[in-house]
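What Swiss-Prot says about this one:
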type	residues	note
ACT_SITE	140	active site, proton donor
DISULFID	29-44	disulfide bond
DISULFID	38-50	disulfide bond
DISULFID	43-57	disulfide bond
DISULFID	61-65	disulfide bond
DISULFID	96-158	disulfide bond
DISULFID	169-177	disulfide bond
DISULFID	276-308	disulfide bond
DOMAIN	27-67	domain 'Chitin-binding type-1'
SIGNAL	1-26	signal peptide
């Protein structure tokens with residue numbers, strides 16, 4: 001009997017040890033769990049477990065390494081209606097097809113579906129994330145030109161729909177294309193392809209596979225589609241949210257690829273395959289121009305690593321199959 005009890009104790013200790021070092025017993029986060037984030041803003045340790053002590057948030061922490069954020073603040077306390085109108089100054093110009101579509105109220109309403117957005121870190125970090133989100137999406141929807149009134153970076157959010165679109169339909173059994181529908185770029189982030197519409201729709205509770213044009217006709221849904229993309233990690237890519245709020249810790253491979261926390265890595269996430277690792281690039285410069293203007297209007301510094309000129313692009317995958325959303 002004593003021998004049996006001793007064997008049980010040894011087995012129990014072994015199981016606990018395997019859990020601590022990251023064995024195959026249901027890890028909670030990080031690469032061991034498909035890129036999942038810890039609930040409550042907790043840190044993900046190198047072994048894939050959630051917590052808030054230095055064992056989790058210290059060396060080799062994978063994500064959300066700053067620990068839980070302070071109590072959430074309503075986004076309107078960080079960006080007022082008048083500042084929003086100044087940031088997107090010419091979005092309602094008569095020459096912009098999006099005139100009247102991208103409203104402040106729709107932005108604030110959509111952000112409530114993602115309470116971590118603009119609510120992670122200190123006030124400067126929160127404002128910088130708002131500037132980064134609006135900067136990247138302004139590049140995607142810009143109607144500006146070099147000699148435009150108030151400069152090229154005052155013309156974000158001029159377009160809702162992609163110009164010269166195609167169907168963007170890929171045969172996938174999980175998210176089949178609906179008859180007669182096209183999945184071209186729409187909304188602030190210009191979401192495209194049927195599998196992205198399908199997964200986004202599932203996340204926000206709207207049938208975007210059958211009704212993709214809701215992204216171009218319902219302004220709250222439109223902003224939600226962009227925030228879904230922003231808050232969602234796609235392995236091996238972290239989420240833009242985690243990068244800009246410094247909750248992402250680059251791996252040794254990321255460091256070797258010069259992918260470090262900052263606005264430049266967000267550009268890499270969004271369009272690195274076409275824009276990053278090519279030296280000076282006018283598209284990257286345009287994204288930075290919007291970001292700097294918006295940071296100035298919000299009264300916050302730019303942070304480090306603004307470009308991706310020397311970064312190796314993240315590995316591209318066709319399907320967003322392992323998505324984890326920060327909420």
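From the backbone N, Cα and C atoms, a Cβ is placed for every residue, glycine too.
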Problem set entry | Residue among recorded positions 96, 140, 169, 177, 276 with Cα closest to the Cα of residue 57 (disulfide bond) | 276
Problem set entry | Subset of disulfide-bonded residues (50, 177, 276) lying within 10 A of residue 43 (disulfide bond), CA to CA, in sequence order | 50
Problem set entry | Packing count at residue 276 (disulfide bond) (other Cβ atoms within 10 Å of its Cβ) | 28
Exercise. About how far apart, in whole Å, are the alpha carbons (Cα) of residue 44 (disulfide bond) and residue 140 (active site, proton donor)?
Worked result: 32
For this session: Determine, using Cα-Cα distances only, which of these disulfide-bonded residues is closest to residue 65 (disulfide bond): 29, 96, 158, 169, 177.
Result: 29
Problem set entry | For residue 96 (disulfide bond): intrachain residues, at least 6 apart, with Cβ closer than 8 Å | 90, 143, 155, 157, 158, 159
For this session: Just give me the nearest neighbour of residue 140 (active site, proton donor) among the disulfide-bonded residues 29, 61, 169, 177, 276, Cα to Cα.
Result: 276
For this session: Other Cβ atoms within 10 Å is the metric here; tell me which of the disulfide-bonded residues 44, 50 scores highest.
Result: 44
Seminar exercise, completed: All chains considered, the count of other Cβ atoms within 10 Å of the Cβ of residue 29 (disulfide bond) is 26
Exercise. Which entry in the list of disulfide-bonded residues, 38, 43, 57, 158, 177, has its Cβ near the fewest other Cβ atoms, using 10 Å as the limit?
Worked result: 57
